[in-house]
Amino acid sequence: MTMTNPSGNTPDTSAGPAFRYTAELAGEIERSWQQYWIDNGTFNAPNPVGDLAVSGDKLPEDKLFVQDMFPYPSGAGLHVGHPLGYIATDVFARFNRMLGKNVLHTLGYDAFGLPAEQYAIQTGTHPRTTTMANIANMQRQLGALGLGHDPRRSVATTDPEFYKWTQWIFLQIFNAWFDTKQQKARPISELIPLLESGEVALPEGFEGSADSYSELDAVEKAKVVDEFRLVYRSHSMVNWCPGLGTVLANEEVTADGRSERGNFPVFRKKLSQWMMRITAYSDRLIDDLDLLDWPDKVKSMQRNWIGRSRGAEVDFDALGHTITVFTTRPDTLFGASYMVLAPEHELVDALVAAGTNSYEGIDPRWTFGQATPAEAVKAYRASIAAKSDLERQENKEKTGVYLGVNAVNPVNGESIPVFIGDYVLTGYGTGAIMAVPAHDTRDYEFATEFGLPIREVVAGGNIAEAAYTESGAAVNSANDQGLDINGLDKQEAIAQVIEWLVDKQKGSEKIQYKLRDWLFARQRYWGEPFPVVYDENGLAHALPESMLPVELPEVEDYKPVSFDPDDADSEPHPPLAKATEWTQVELDLGDGLKKYTRDTNVMPQWAGSSWYQLRYIDPTNSEAFCDIENERYWTGPRSAEDSGGVDLYVGGVEHAVLHLLYSRFWHKVLFDLGFVTSREPYRRLFNQGYIQAFAYTDSRGVYVPAEEVEEKDGKFYYQGEEVNQEYGKMGKSLKNAVAPDDICRDFGADTLRVYEMAMGPLDTSRPWSTKDVIGAHRFLQRLWRLVVSEDDGSIVVTDAALTDDDLKQLHRTIAGMRDDYEGLRINTVVAKAIEYVNYLTKAYGSTGAPRAAVEPLVIMVAAVAPHIAEELWKRLGHNDTITFVPFPEYEDKWLVDDEVEMPVQINGKVRARIMVPADASQDQISEIALASEAVATHIEGKNVIKKIVVSGRMVNLVVK
C-alpha cells in the first residue's frame, strides 16, 4: 500500500528492491527496538542509594543530568515543532552514554493549571480525566520518537505522591525566615529565641499590647512570627479578573489590561493573598548568575527583572506627613518641581484629608473635571482600575490629579504641588517620585501637559525642546545650608547630596529593586491545595507532614464562580469553597481536637516546575522529596566555585525570567535549610529555537488548512480562492500544524529526527517544509545500503584494509562529529555524517565498503538515528545494544594534510594553483611555484623582482 502525506513526497513503498529501507521497514525496526529498550531498561540510570540503586555496582564518577523543560499535556497533542528540544537532548544524552557516563534523562508532565481546567469546563469532563488522557497521548507520541528516557523517573505534577512534596516544600518555606545578617533562610524555630532575647526586634510598625515579644499574648506572638515568614498573607493590590473568577499574576495580564487567557478585563484591587518573599533573595539571585553557564540574554533579562539600583531615599514634608521617594539621581533634587504618588499609595487619602479639599483658583488641567480633590481622586482611581502596570508605564498620554496639597523640597525649601498619576506604580520604589521634568522624559511629558515648571539642573541639553537625560555638570544646584554641587560631575554630585541628606536627617543611601514578592495563590480548582488551615482567630496553621498530601476533593462542580467581566467590585469565590465537608475540619495539631477551615485557594502552575528536577533524581522515595546522597551525586558541586545543578537544561527563552527565577528561589531556600548541596538548580541552560511554518488566511482573515493550499505563479490558492500567506508559529488554531505521527508513519521516526536536527543551529528558529523531509530519508537509505544489500538482504561490508584517504576521511569525521556533539551543533553532526556516507558510497558503491570504515559510522550516527543504527549494528554481527558502545577515537596524525593547495598570484592576480608538502619551507614553496607550467607561461620573458610566500596560504610574484 502506498502511503500519502500532504506534500506528496512519501517514499515509494509499493515497488523496488525487497530489502530497501522504506517507511514500513523503518516502522518495524523502530517498534522492535523501542520494545527492546523498554524490556531491557536500557536507559535506566542507577542512583547511589534507594529504590533505584543497583546493589554491588559502583557508579561511574562521570555522570550527566540532562533535562527538558517539561511539557504541558495539551488536548491538542504534539505538532512537529514540539519535539525539537526533546530530540536534541536525547541526541546529547545518547552521545554521552557512549562516552561512558551515567546519564539521567527522563520527562514528566506539568499538568496542573488553568488550561486543563478551562478545557474541562468546556467539555464537561473532570480535569483529572482529560489530563490523564492527554498525558497518555503525549507519551505515545513521544515514545514513537525513540527518546531514551528513564521511564521509572517520569512524574506528573497532578499525582498526589508528587504534590505531597510540593506541599512539603511550601511548608519548609512557610516555616522559614530570612536572616539579613547571614543572608540566608533559617527555620522559624531559630527565630523565636532571638525575638525573646530582643536580638531581633519586633517588625517596624507592629502594634501590640507590649513593646517586647515576651510580653505579647499568644495571638500577637503568632502575628509577629508571621511578619517574618518567607510565605505570608498580604492585603495588597492584585490583578482581579471577574470573567475568569481568579486573581492573575502580572505575567498573565496583557499590556492592554486583559487576561492572556480568554481576553477578559482585569482590574487592580486590594485582596488578601499568599505571597512568597522572593525579594529577600534579590542580591543572591543577581550575584549568582555569574556562576551559571547560561545565555547572556537570559542573564540580562533576569538582572533587569530584579532591577537592582543604587540611590537615595529622600523625605519630603507635606502637612505633617512624610512622603519618602527613592531616586537614583539625588543630584537632580534642585530640579524637582512637583511630586507624583501612585493612585494606590497609602498616603493619598490622608493627604487629601489634611488639605483644604478645594480646587478654588486651581488650573483646571489639575482637577480631572471635578470640584474637589476627594472627588477627583475617586474618579481618577475608577478610570485607571482596568489598566495593567505595563499599560500604565507605556502610556504616552500623561494623566493625573492634584491632591490639593504641597510638599517641601528638602534641598531648597520650595513648596511643590503633589499629584497622583498612573505612570507611578506602588510596586517599585516607594510608590512616589520627585519629578525632575528637565531630565526625565515621562516627567517632562507630565509637566508639559499640566503646565508645571521645568528647571535645568544638569548642563548639556536644550530643555525647551526635550528632557536632557544624559550626564553633565550640575548647574543651578546650591543652597545656603552648605550644599553646593555646581560644576560637579554626576557621581561626585550624587555622593555630596547623599552626605548632606544624611547629615540633615532628610534621607539616606539606599539600594532598591524592581522585583516584587511572588503572588502565590489562585482562585481555581485544578491546582495544589495549600497545606494550611485557619483557626477561629483567622491565624494560619501549617499542617504536619503526617497529614500530607492534602488531596484535592472530588467535587461535582469545579467551575470557578465567574462574574460579569466588567464587574470590578466582585470578590473572588474559589471553587474549593463549595466543598464544605472538605473545608470545615476537626484536627488535632498538637493541642487537642479543634475546628479549622482549610485554605480554599490553590497554588499557581509554577509550583511543581519550581522543584521537579529534584524529584527526577529520587522519584520513588516515600520518606523525602529527594535523598541528599542522590542529589549530591547528580547535582552536587564539583568544586568550590561550582554552583551545582542540572548539567544541561533545554527549553524556550519564554521561560527566561519567571519559571527560572522561581525555581532558583525555591532551590536557594532548600540549600539554606540544608536539604540540597547545590546552590542553583541548573548549571547550564540552552534555549532552543522554534520550528515555524507558513499559514494561510482567506479574504475574511480565517485560517485555511495549509496542506490543501496550492501555489501557482507565486500566488496561493485554497479551493480556487486566492489566500494570503503568513509566516510564524505552528499551531492547531493556525491550521498549519503537522503531527509527528504522520511523519513517523510516512517516513519513520529516524527520518524525522535527522530532518529536525539538520534544519539549522539548535538555538535558531527554522521553517518546516514537509517536502524536504524526503532528503533525510534518502540519506538513511544510503546509510542502509552501505551495510545491507537491497536485493537480498545480505551484508555487503568487506574486510578490506582502509586506504590512507579512507583513514583521513574517517578520522576527520570522528573528530568533527565528536566536537559538534559536545557543542550541541547537531546540524553539523548530520552534515558531516552525510559527507562521510557520500564519500564511502562514491568510493565503494559497487564493491562494498570496508567494515573498519562502516562500523564507526554506524556508531557515530546512533545518537541521531538510533533505531536504524541499532539494526545495522545487529546485522553487522553484534549482539548487544549500540547504546553503550564507546564513541570512536581519532588519531591526530590523520587530521593533518600531507599536501596543501596554494594559489599563486602574479602581480596581484591568481594565475595558478599548486600542491606543496604541508611542511614545505618558503624556499621549497617558491621553487614549486616557479616550476609550475601555468606560472612559467605567465612569467615567460619577464623578470621576477620580488617573491612573497605566506606558508600555507599563498605565493605572490611581482614581475616586470
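Yeah, the Cβs are placed from backbone N, Cα and C, and that goes for glycine too.
Annotated features, as they stand in Swiss-Prot:
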| type | residues | note |
| --- | --- | --- |
| BINDING | Lys732 | ATP binding site |
| MOTIF | 71-82 | motif ''HIGH' region' |
| MOTIF | 729-733 | motif ''KMSKS' region' |
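Here the motif ''KMSKS' region' (729-733) has Cβ contacts under 8 Å with residues 76, 79-81, 690-693, 703, 768 of the same chain, all six or more residues outside its ends.
Residues 107, 109-111, 113, 115-116, 119, 130-131, 133-135, 137-138, 141-142, 690-693, 729-732, 737-740, 743, 752, 756, 768 of the same chain sit 6 or more residues outside the motif ''HIGH' region' (71-82) yet have a Cβ under 8 Å from a Cβ within it. Shown for the motif ''HIGH' region' (71-82): DSSP residue counts in helix, strand and coil, namely 0 helix, 0 strand, 12 coil. Across the residues of the motif ''KMSKS' region' (729-733), the predicted structure has a mean pLDDT of 79. Counting residue by residue with DSSP, the motif ''KMSKS' region' (729-733) contains 0 helix, 1 strand, 4 coil.
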